[in-house]
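Quick notes on the structure that follows.
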Amino acid sequence: MPHHTPLIATIAVGFVLAYLLGALATRLRLSPLVGYLLAGILVGPFTPGFVADKALAHELSEIGVMLLMFGVGLHFSLKDLMAVKHIAIPGALVQIAVATLLGMGLAWTLDWSLGAGLVFGLALSVASTVVLLRALEERQLLDSRRGKIAIGWLIVEDLVMVLTLVLLPALAGVLGGEAQGGAEAGAWLPLLSTLGKVSLFIALMVLVGRRLLPWLLERTAGSGSRELFTLAVLAIAMGVAYFAAQVFDVSFALGAFFAGMMLNESEHNHRAAEDSQALRDAFAVLFFVAVGMLFDPSILLQQPLAVLATFLIIVFGKSLAALAIVRAFGKPLSTALTISASLAQIGEFSFILVALGVGLGLLPEAGRDLILAGAILSILVNPLCFGLIDRLQPWLDRRERTAPADASGSAEAADDIPAIHATEHAILIGHGRVGSRISLRLHEEGVPLVIIEDNRARAQELREEGFSVVIGNAASTQVLELAKVAAARWLLIAIPNALEAGQIAVHARAANPGLDIIARAHFDAEVEYLSEHAADLVVMGEREIARVMFARLGLNSPQQRAPGSSAA
Ligand code: AMP
């Protein structure tokens, strides 16, 4: 192969390694982010073997950041924040201050400048949205009160970081880095000019973008072309980010964040999020790979104590601060512990911040390596923190039940996961086009039913209608356990993805050998696959349609052609 194709090589090797290591991490019950970062370290210049193109990886990761921030904007809801503002705002601000001071303390012992300490401390203070949302989702805590507080807290942290990203270039000169815009002495000038440009951009977005962008999306949706709709979403995300950077000198990240937030107002925001999900995921992976590439593992040997101190600040310093604040607000210990564990890690924002800090000459490269080491370690131990809380739960329950001051809190704790005590019940997975036709009927027939649904809004509505619902991906054994799969009689897998359905069936069979598993398929190959993967009966929608059409002709039903399938 004679051509020089560094872009293809970087993307291909990045994806393949990230996939392999991400899958391995998931198998080991770790966050896949750890796998992606390790993949980056492997293709980086500090480890032997293939070295990906650094400049290209950097540019790809910029796209990752844009799309990540676009996603944050799409999900940013002022309403969610307002509901928990009395605790989330002061909590996040105090915690940021504590973490920043701790980081500055460490920077001081390492003889770094004040500016370096500030960037380092701020980078330690913000948790990763990706890690937090995933941890809460796995534990069914997204819709719980404590989950909402943690998310609100994170939104405040994100907002402070967005502001920091905007202001840092303007303040770089004052803080001892490279002054931006050629102004050295008048530090206030670049600051004022940055603030002016940002305000102008925000005003433009709020006044024009808020109407124009959703309108554009609605017009495109009206055309009926799925492809054009997806293209519109991506054009808006990347277009606004690029335009913001070129015209207003704002970061790509902020531009994309606003683009997302403006679309949040559109009634098509869910579809916009769904349609751009695959691309956002893919580039987010490349972002983590690119970050891993920058990591020099020799820091672990050269400065083990500094790495340890960084890790301790993230996992203990920050969480103890959060714990104290939440307790000070009179919340029960279990709530405080969950919120602390959620925030005891750092991720994408920290990487963006240190990259900027190093670029501006504020932070030494060792600072970035410490942050990367701290992030990888903290993401690694995060599930352990939650595991510890799970272990403590019986003790916490007893303690909160006996402590009268926490009475309101224990009600809240009990509220978190509506307990499901079903036996001999049916479990219905997916409440979409198929599932919704089954649930009502089962209800009317008096069959005890537990629904598993991973679309939060849909699951919430079902709960309001009085159904027992577990929110989450049924492919997770934990989610199946919450639906009491071991005690169930039937499992109805009504989701369209056969690969996922096969995985669910295998897990369920392992937990309950006597379970009657009925699955949905759309292709002959899927029927075969599901029959081989523990399903007792596979119903193929297309075949049933053909059967009914044929029956209408008044003739006998045609021969079944594939094994394992059967008429419903
Ligand atoms: P439909 O394709 O209209 O039948 O909808 C399928 C439904 O199943 C949607 O509501 C999805 O949110 C839901 N769903 C898909 N995959 C899963 C999964 N792995 N676990 C739980 N719910 C799922």
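Placement of Cβ uses the backbone N, Cα and C atoms for every residue, glycine included.
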Stretch carrying transmembrane segment according to TrEMBL (options 57-76, 477-496) = 57-76
Feature contact check the transmembrane segment (6-26) with the transmembrane segment (33-51), CB under 8 Å, 3 or more pairs = yes
Where among 228-244, 307-329, 370-389 do we find the most Cβ pairs under 8 Å to the transmembrane segment (88-108)?
-> 307-329
Might you confirm whether the transmembrane segment (187-208) is in contact with the transmembrane segment (307-329), defined here as three or more C-beta pairs under 8 A between residues 6 or more apart in sequence?
-> no
Per-state residue totals over the domain 'RCK N-terminal' (423-540) - DSSP helix, strand, coil = 52 helix, 27 strand, 39 coil
Using Cβ atoms only, state whether the transmembrane segment (187-208) and the transmembrane segment (154-175) have three or more pairs under 8 Å that are 6 or more apart in sequence.
-> yes
